[in-house]
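Student: Let me give you the structure first, and then I'll get to my questions.
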Amino acid sequence: MSMTDLLNAEDIKKAVGAFSAIDSFDHKKFFQMVGLKKKSADDVKKVFHILDKDKSGFIEEDELGFILKGFSPDARDLSAKETKTLMAAGDKDGDGKIGVDEFSTLVAES
């Protein structure tokens with residue numbers, strides 16, 4: 001399954017373009033722009049599993065840096081600052097990684 005099976009390709013392209021500048025990434029705006037906020041809980045979980053590249057059941061900090069590439073292969077990597085900000089927002093239990101429920105909460109709070 002690919003991201004465009006779940007989200008509109010044009011919305012993804014616009015959202016990735018909107019955050020092309022380093023240190024401009026805002027996960028709340030990004031999730032809204034790609035249409036993730038409007039998706040069912042099931043679809044949000046499917047997106048999580050696409051982003052969980054190593055299939056560990058968590059998005060670790062190293063995977064988080066590549067989150068935009070999970071939506072579009074030609075997107076940029078997040079900066080260290082953006083990655084840490086996103087991890088702080090999503091890692092509710094402080095274990096250094098984002099689980100599927102934490103990701104769902106992160107999207108819902110967007």
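Cβ coordinates come from backbone N, Cα and C, glycine included.
As listed in Swiss-Prot for this protein:
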type	residues	note
BINDING	Asp52, Asp54, Ser56, Phe58, Glu60, Glu63	Ca(2+) 1 binding site
BINDING	Asp91, Asp93, Asp95, Lys97, Glu102	Ca(2+) 2 binding site
DOMAIN	39-74	domain 'EF-hand 1'
DOMAIN	78-110	domain 'EF-hand 2'
MOD_RES	Ser2	phosphoserine
MOD_RES	Ser2	N-acetylserine
MOD_RES	Ser24	phosphoserine
Student: For the domain 'EF-hand 2' (78-110), what are the same-chain contacts with Cβ under 8 Å, counting residues 6+ beyond its ends?
Tutor: 22-23, 25, 27-29, 31-32, 36-37, 39, 41, 44-45, 47-49, 51, 57-61, 64-68
Student: At the level of the C-alpha atoms, what whole-angstrom distance separates Glu102 (Ca(2+) 2 binding site) and Phe58 (Ca(2+) 1 binding site)?
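Tutor: About 9 Å separate the Cα atoms of these two residues.
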Student: Look up Glu60 (Ca(2+) 1 binding site) in the DSSP assignment and reduce it to helix, strand or coil.
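Tutor: It is in a strand.
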Student: What's the CA to CA span in angstrom from Asp91 (Ca(2+) 2 binding site) over to Glu60 (Ca(2+) 1 binding site)?
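Tutor: Spelling it out, the Cα of Asp91 (Ca(2+) 2 binding site) and the Cα of Glu60 (Ca(2+) 1 binding site) are 10 Å apart.
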Student: Around Glu60 (Ca(2+) 1 binding site), which of the listed recorded positions (Ser2, Ser24, Asp93) come within 10 Å, judging by Cα atoms?
Tutor: none
Student: Given Asp52 (Ca(2+) 1 binding site) and Lys97 (Ca(2+) 2 binding site), what distance in Å do their CA atoms have, once rounded to a whole number?
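Tutor: About 11 Å separate the Cα atoms of these two residues.
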Student: To the nearest Å, how far is the Cα of Phe58 (Ca(2+) 1 binding site) from the Cα of Ser24 (phosphoserine)?
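Tutor: Cα-Cα, rounded: 24 Å.
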Student: Just checking, which of Asp52, Glu60, Asp91 (binding-site residues) has the fewest C-beta atoms within 10 Å of its C-beta?
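Tutor: Comparing Cβ neighbours within 10 Å for the binding-site residues Asp52, Glu60, Asp91, Glu60 has the fewest.
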Student: Provide the three-state secondary structure of Asp91 (Ca(2+) 2 binding site) computed with DSSP.
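Tutor: For Asp91 (Ca(2+) 2 binding site) - judged by DSSP and reduced to three states - the answer is coil.
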Student: Using only C-alpha positions, which one of Ser2, Ser24, Asp95, Lys97 is spatially nearest Glu63 (Ca(2+) 1 binding site)? These are the recorded positions in the record.
Tutor: Lys97
